[in-house]
């Protein structure tokens, strides 16, 4: 069965990487959601260790293969787009996924939106995206994605993954990252906060003040900079994560 470009399919064939994903995912006796199981290389191990595996697969051809190959009683195959699912809030899950790169951000924001039921997620992502998610203050890759993910999750790099670990071979390397939900975080304003970050990073060449002043009170911004000892010409990528959220609360 050939991979389909429209679904962003690249099948993981490296057993060492598969084992690292499973070992880092804390799947033992847990409820697991797998996004895009494909031919089931990862799924076959998950069903042996997890309490229950819910696998979301939108490709009917892959669904047919999985139904033939996996008959475990704790395996539930759902022929549906994960992004369109309305989840039962009474259950808790860990997520494990080798996700299509073109919907990485969408999946992460779906996880944030459903934070009540997702404790952690182990994700295979494009190496470039992993660097952006893991980036720290003053890094060139530091972005709204870095801030939004790191505010709600502790983020860990599990391993780098060569493009040769997939078939067909993609053009870029990948990385496995793990997101662990932070305790006692207020998720209620996450959509509003992300809209704020989009404005803050709308032009990386401009100062943060110039990006924000047409939408928020300029004097409040300058007063905040003075309080936190930031230069008025500071750029968005040079602001600490916790200070960004404090500024957001001050201006909203």
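For all residues, glycine too, the Cβ spot is worked out from N, Cα and C.
Swiss-Prot lists 10, 12, 36, 57, 81, 98 with the feature S-adenosyl-L-methionine binding site, giving sequence analysis as the kind of evidence.
Of all Cα pairs drawn from 10, 12, 36, 57, 81, 98, which the record names as binding S-adenosyl-L-methionine, the longest spans 20 Å. For the binding-site residues 57, 81, counting C-beta atoms within 10 A of each C-beta gives the highest total at 57. If you draw a 10 Å sphere around the CB of residue 12 (S-adenosyl-L-methionine binding site), it holds 19 other CB atoms from the protein chains shown. Neighbour counts of Cβ atoms within 10 Å were compared for the binding-site residues 10, 98, and the top value is held by 98.
The Cβ neighbour count for residue 36 (S-adenosyl-L-methionine binding site), using a 10 Å radius over every protein chain in view, is 22. According to DSSP, residue 81 (S-adenosyl-L-methionine binding site) is assigned to coil rather than to any helix or strand.
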